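Asks: Below is a structure I'd like to ask you about.
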Amino acid sequence: MNTNKIALIYNKNSKHLAIIEEIKKLFNYCKIEDAEVIIIIGGDGELLHNIHRYMHLNIPFYGLNLGSLGFLMNPLDTKKLLQNIYESTVSVLNPLLMQAEDTNGQIYKALAINEVSIFRKTNQAAKFRIDINGVERMSELVADGALVATPAGSSAYNLSAGGPILPLASNMLCLTPICSFRPRRWHGALLLSSATIKFEILNITKRPVNATADFQEFNNITRVTVKSTKDQHIKLLFNKNHTLEDRIIKEQFGE
C-alpha cells in the first residue's frame, strides 16, 4: 500500500514515548479522518480498542508492537517502517455481532473482533441452552461459561479455554465451553461462519451471567445471540514476511 496519508495513534501515557517520538519523525502524519492507513502503537489491547473506535471509517490498520502481547501487531523496525507498510499484505476480518438481553428487557448490541463470551457472575456454575440456526443442539450446558470465537480470535481466549485454532480463511467459528461440567467431555463445536448461535440462560436468578464482546461487558444477561457480520469489514495490514495466516500456523506448533 503506497500512501503518504498516515495517521498515528498511541497512548499518551505510554512508557515508550521516547521510541514513539522517533517514529513520529519518520513521516508527516495526518488527521485520522484524512488517512489511508492508521498506525496503532502499543499491544493487542490498544489495537482492539482503536479498531472498535474507528472501524466505521473503513481505513486499514497497521499495528506496531510495543506492548506485552502482539499477536495482531507487527514487530518494531523503524528503519523499514514505511517500506513494510508499502509492501504489507491485507487480512480482511468480519467481526461478530452480539445481541444480548438483560433481566430488565434491555437489549444491547456490540461487535467483537476476537470473541463473544458468557461467564458465570457468582460461584455458581452457569446453566444455558444452545440453539444453532434455530434448532436446539444442547438442552443444558453446565459450565463456567462459553464463547464464540472468530478465526482471528481463535488463538486468544478460545485457545486458553481448550478450543482449536482456525485458519484465517476457514469461514468457520469456534463454539467452546469454559470449564464444562455437564456434559463433562464436550469440547465444543466448529460452525460455519453463516451460523446463528443463541444462548438461553437457565435459572438466571440463582445463576446470573455476564456477556462480553471483546472488552465490552454487559451484566445479568438472559439470552445472547451471536452471528458473523457480512456488511462490516476490518482490514489489518501485516508485514509481507510476518502475515497473520503464518502466525496462526506457528501458534499451532508452539512457536
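Count begins at 1; order follows the chain as displayed.
Just so you know, glycine gets a Cβ as well, placed from its N, Cα and C.
A quick note: this is a predicted structure, and the numbers were derived from the prediction, not measured.
Got these off Swiss-Prot a minute ago, pasting:
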type: BINDING; residues: Asp44, Gly45, His49, Asn114, Glu115, Asp144, Ala152, Ser155, Ala156, Tyr157, Asn158, Leu159, Ser160, Gln216; note: NAD(+) binding site
type: ACT_SITE; residues: Asp44; note: active site, proton acceptor
Asks: Quick one: what's DSSP say for Ala156 (NAD(+) binding site), helix, strand or coil?
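Replies: Assignment for Ala156 (NAD(+) binding site) reads coil.
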Asks: The record lists Asp44, Gly45, His49, Asn114, Glu115, Asp144, Ala152, Ser155, Ala156, Tyr157, Asn158, Leu159, Ser160, Gln216 as binding NAD(+). What's the largest Cα to Cα distance among them, in Å, rounded to a whole number?
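Replies: Those residues reach a largest Cα separation of 26 Å.
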Asks: Sort out the sequence-distant neighbours of His49 (NAD(+) binding site) for me: same chain, 6+ apart, CB within less than 8 Å of its CB, listed by position.
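Replies: In sequence order, the residues whose Cβ lies under 8 Å from that of His49 (NAD(+) binding site) (at least 6 apart) are Phe215.
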Asks: Sequence gap of 6 or more, Cβ distance under 8 Å: name the residues on the same chain that satisfy this around Ala156 (NAD(+) binding site), in order along the sequence.
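Replies: Long-range Cβ contacts: Phe71, Asn114, Glu115, Ala149.
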Asks: Of all the binding-site residues here, Asn158, Ser160, which one's CB has the most other CB atoms within 10 A?
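Replies: Selected residue: Asn158.
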